[in-house]
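**Student:** Quick paste from TrEMBL:
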type: ACT_SITE; residues: ARG211; note: active site
type: ACT_SITE; residues: GLU240; note: active site
type: ACT_SITE; residues: HIS257; note: active site, proton donor
type: BINDING; residues: THR46, THR67, TYR261; note: substrate binding site
type: BINDING; residues: ASP149, THR178, ASP235, GLY260; note: NAD(+) binding site
type: DOMAIN; residues: 26-281; note: domain 'D-isomer specific 2-hydroxyacid dehydrogenase catalytic'
type: DOMAIN; residues: 108-259; note: domain 'D-isomer specific 2-hydroxyacid dehydrogenase NAD-binding'
Amino acid sequence: MKVIIENKIPFIKGLLEPIVDNVTYLSPDEITNEALRDADALITRTRTRCDARLLDGTTCKFIATATIGTDHIDLDYCKTNGITVANAPGCNAPAVAQYVFGSIAIWRKAVDDRRPLSSLTIGIVGVGHVGSIVERWARQLGMKVLLCDPPRAEREGDAMFTDMASIARLADVITFHTPMARQGAHPTFHLLDGSSTAELGRKPLVINSSRGPVTDTQSLIDALDSGAIGAAAIDCWENEPTISRPLLEKALIATPHIAGYSREGKIRATTMAVNALTAHFNLPQVEMHEKVAPGAAESVTLEAIAESYTPAADTLSLKENPERFEQLRNTYDYRHEVM
Ligand SMILES: NC(=O)C1=CN([C@@H]2O[C@H](COP(=O)(O)OP(=O)(O)OC[C@H]3O[C@@H](n4cnc5c(N)ncnc54)[C@H](O)[C@@H]3O)[C@@H](O)[C@H]2O)C=CC1
Ligand SMILES: O=C(O)C(=O)[C@H](O)COP(=O)(O)O
């Protein structure tokens, strides 16, 4: 059996070797159709586009991505071609929530906002693994909370949810936690665009740590210029790693897609990917060298979160070295989640 593993996935080396005869580590550039030709499985990250171009004519029938997001994988192609796909739901959700509140703490300092948190409204767009932690912590901090999640509203009823237009009108902080979907019943491509920025009522802090194309770059720039958006915290960008320099310049917080980069999140991601592979191929379960607790801190304060992580240094590094976007990610010193 042959398994290809992306070589930037941490905490994975040596785990599968005792039970798989050929384990090959390759960089994203080396993960090609040719390399996968005789492989049975691929363990990947967001940096490898898994589509017909990569997979046609190969023997690969299983892909595990050590990430929450799956937008780098052509799920329809995989389904049609009998390729099983596993992701790592929730693996780094506490880290992304930590990033959101770390950003709120910086923003409050930057604008010298002395209003109590209890006077602020946060609008959470997408209330899944990440959004639910953001919701729980925001309520604990006394913030007013607005939730927008049409798929959940359809399943659970409207009572808890509002729409994007109300969030635009009423929120002091708007934070996006949806998957990236161009099609389907609830597309998320450019959820924030020129028409939604025209409705902004409170000069909010806008945070995008979901996927770049969920917020339209030009609309963000225009709204920052006009003052309709008070400040932006951008972790996920359109066209990564070739990011918009005007948006980089104008964003208060600008980071290279590292919101989920906690040590705990990476360990959970690797554990989930390896477990999915061993379960799929009926292999013995592998014992991880490093173990971490599931879930996010029960009880937080803004100060405790800001002490555990502030995106200020990551912002400085990206603003000074935008051309090193990928390198900053690949050499990131994984932080600890807030305990
Ligand atoms: N910046 C980073 O490092 C990271 C980014 N992410 C991104 O964050 C996204 C969210 O992560 P999770 O919360 O774990 O995903 P999830 O799948 O648990 O939750 C996503 C939620 O978005 C909702 N949703 C779908 N379409 C929507 C729409 N049109 N409008 C509003 N809500 C909609 C879904 O119903 C669901 O409740 C991931 O898909 C990934 O792209 C995840 C981890 C790290
Ligand atoms: O889990 C996700 O989804 C993410 O966006 C990850 O934090 C991105 O991690 P990489 O796979 O790009 O290292």
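Each Cβ is built from the backbone N, Cα and C atoms, and glycine gets one as well.
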**Student:** Whole number in angstrom, please: the longest C-alpha to C-alpha distance across THR46, THR67, TYR261 for substrate.
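**Tutor:** Across THR46, THR67, TYR261, the two farthest Cα atoms sit 13 Å apart.
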**Student:** What is the Cβ neighbour count of GLU240 (active site) at a 10 Å cut-off, with all protein chains included?
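**Tutor:** For GLU240 (active site), the count of other Cβ atoms within 10 Å is 16.
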**Student:** By CA-CA distance, flag whichever of ASP149, HIS257, GLY260 among the recorded positions is nearest to THR67 (substrate binding site).
**Tutor:** GLY260
**Student:** So which of the recorded positions THR46, THR178, ARG211, ASP235, GLU240, GLY260 sit close to ligand 1, that is, with a CB under 6 Å from an atom of it?
**Tutor:** THR178, ARG211, ASP235, GLY260
**Student:** Quick one: give me the count of other CB atoms within 10 A of the CB of ASP149 (NAD(+) binding site).
**Tutor:** 22
**Student:** Please list, in sequence order, those recorded positions from ASP149, ARG211, ASP235, GLU240 with the Cβ less than 6 Å from ligand 2.
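**Tutor:** Checking each Cβ against ligand 2, none of them comes under 6 Å.
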**Student:** Taking THR178 (NAD(+) binding site) as the reference, which of THR46, ARG211, TYR261 (the recorded positions) have a CA within 10 A of its CA?
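**Tutor:** Matched recorded positions: ARG211, sequence order.
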**Student:** Counting across all protein chains present, how many other Cβ atoms fall within 10 Å of the Cβ of THR178 (NAD(+) binding site)?
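**Tutor:** Excluding its own Cβ, THR178 (NAD(+) binding site) sees 22 Cβ atoms within 10 Å.
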